[in-house]
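Below is one structure, written out as structure tokens; comments come after it.
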Amino acid sequence: MARAPCLLLLLLPLLRVSADTPEPCEVDDEDVRCACNFSGSQPDWSEAFQCIGSVEVEIRGGGHSLEPFLKRAEGYSDPRQYADTIKALRVRRLTVGAARVPARLLLGVLRVLGYSRLKELTLEDLEVTGTAPPPPLEAAGPALSTLRLRNVSWATGGSWLAELQPWLKPGLKVLTVADAHSLALSCEQVRTFPALTTLDLSDNPGLGERGLTAALCPHKFPALQNLALRNTGLQTPTAACAALAAAGVQPHRLDLSRNSLGAPANPSAAGCTWPSTLNSLNLSFAGLQQVPKGLPAKLSVLDLSYNRLNREPRPEELPKVDNLTLDGNPFLVPEASKPQEHSMNSGVVPARAPSPLSVGMSGTLVLLQGVRAFA
Ligand SMILES: *[C@@H]1O[C@H](CO)[C@@H](O)[C@H](O)[C@H]1NC(C)=O
Ligand SMILES: *[C@@H]1O[C@H](CO)[C@@H](O)[C@H](O)[C@H]1NC(C)=O
Ligand SMILES: *[C@@H]1O[C@H](CO)[C@@H](O)[C@H](O)[C@H]1NC(C)=O
Ligand SMILES: *[C@@H]1O[C@H](CO)[C@@H](O)[C@H](O)[C@H]1NC(C)=O
């Protein structure tokens with residue numbers, strides 16, 4: 001055991017510091033969660049050894065460059081040497097954030113984690129530098145179910161997904177990419193994700209319709225059921241429909257909430273056919289003044305809450321829906337607490353009495369709309 005090298009050996013002290021720096025790592029009493037924040041100017045990376053028995057590990061690099069670890073990592077050229085040690089790690093969830101990391105180091109660590117039982121990996125606020133090593137001959141990395149990336153930039157731009165993918169076993173189910181620097185993926189290099197059921201591209205406000213078309217690699221997500229596109233700069237539901245059609249993506253649930261979908265529909269996209277699989281559509285917080293035309297003819301769930309509908313939609317304006325949510329629309333809010341911009345032509349009477357819930361929410365609604373007015 002004494003000589004068994006392991007992943008965390010990479011973290012052996014490169015830099016030693018005086019004892020007056022605060023402890024970077026905290027482990028809970030049950031040794032389940034361990035979090036390190038190496039924010040000091042000369043962190044003692046060996047503190048990360050405390051996490052060796054934890055199930056959930058979070059390591060933040062304080063914005064430091066991890067370049068010095070690269071040589072060390074490359075010393076362990078054959079990961080089979082320490083497979084047993086890695087297999088003994090309890091880690092199931094790992095978060096790595098706030099660092100500059102060479103692509104070769106990141107992918108090398110993934111290869112090593114191929115011997116672990118890691119299920120969920122989150123990368124946050126990372127700058128990935130340099131070029132990727134050639135892909136392994138067979139899938140070498142961890143059998144992740146979930147991969148989340150937020151604010152990760154790659155020196156190689158849009159080919160990042162194609163470079164990362166061969167270092168993961170093919171069973172990935174959930175992929176989340178927020179605050180991406182490039183979602184113009186090199187789709188021809190991306191392989192199929194045979195088990196991916198959830199793709200969440202929310203919180204990429206610069207994406208828009210064209211960006212979405214570039215991000216949804218055609219026919220690479222055959223098992224997709226949930227597609228989340230909250231806050232992605234989309235302007236009409238039809239634009240989303242067109243991007244889905246172009247990519248041959250057939251989700252069951254589509255979340256378009258928190259986009260400003262009130263723009264008039266682009267005539268060139270009119271007539272877009274929604275996937276027949278689609279049964280749940282979220283159009284909440286979308287600034288809609290009327291129900292968009294051309295929605296799927298039948299849905300199980302349609303969420304139109306927190307829009308700007310001034311009257312109750314007429315049945316012919318709506319798809320056939322089992323579960324319709326209209327909370328937080330002005331027509332449900334009593335006249336007195338209605339914000340000025342939404343007071344309507346006098347002849348229109350609210351279609352039905354406001355529910356106690358919507359009355360309770362009206363204060364929040366006024367606030368939200370006030371915030372929007374200044375946004
Ligand atoms: C890490 O430490 C820095 C500096 O003390 C702090 O600003 C930051 O919020 C911490 N990050 C986390 C995730 O706790
Ligand atoms: C994104 O990550 C970089 C490090 O790569 C960091 O400097 C920047 O502050 C992060 N941005 C946000 C909005 O957190
Ligand atoms: C729709 O999206 C909103 C905002 O993102 C969320 O709060 C709500 O729970 C979603 N509705 C459904 C039915 O999932
Ligand atoms: C309607 O959908 C929401 C969100 O999916 C769910 O929480 C709620 O239970 C559903 N209601 C009915 C009556 O099916």
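Glycine is no exception: its Cβ is also placed from the backbone N, Cα and C atoms.
Copied over from TrEMBL, here are the features:
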- Cys25-Cys36: disulfide bond (DISULFID)
- Cys34-Cys51: disulfide bond (DISULFID)
- Cys187-Cys217: disulfide bond (DISULFID)
- Cys241-Cys272: disulfide bond (DISULFID)
- 1-19: signal peptide (SIGNAL)
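Distribution of TrEMBL features across the structure.
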residue: Cys25; record: disulfide bond; DSSP class: strand
residue: Cys34; record: disulfide bond; DSSP class: strand
residue: Cys51; record: disulfide bond; DSSP class: helix
residue: Cys187; record: disulfide bond; DSSP class: helix
residue: Cys217; record: disulfide bond; DSSP class: coil
residue: Cys241; record: disulfide bond; DSSP class: helix
residue: Cys272; record: disulfide bond; DSSP class: coil
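Cα of Cys34 (disulfide bond) to Cα of Cys25 (disulfide bond): a span of 7 Å. Shown in sequence order, Ala214, Cys217, Pro218, Lys220 are the residues of the chain, 6+ apart in sequence, with a C-beta less than 8 angstroms from the C-beta of Cys187 (disulfide bond). Across the fold, the C-alpha of Cys272 (disulfide bond) and the C-alpha of Cys36 (disulfide bond) stand 49 Å from each other. For the disulfide-bonded residues shown (Cys36, Cys51, Cys272), fewest C-beta neighbours within 10 angstroms: Cys272. It is 8 Å from the Cα atom of Cys25 (disulfide bond) to that of Cys51 (disulfide bond). In the structure shown, the C-beta of Cys241 has more C-beta neighbours within 10 angstroms than that of any other entry among the disulfide-bonded residues Cys25, Cys217, Cys241. Of all Cβ atoms in the protein chains displayed, 21 besides its own lie within 10 Å of the Cβ of Cys34 (disulfide bond).
Here the C-alpha separation of Cys36 (disulfide bond) and Cys51 (disulfide bond) works out to 8 Å. Separation of the C-alpha atoms of Cys241 (disulfide bond) and Cys51 (disulfide bond): 45 Å, rounded to the nearest whole number.
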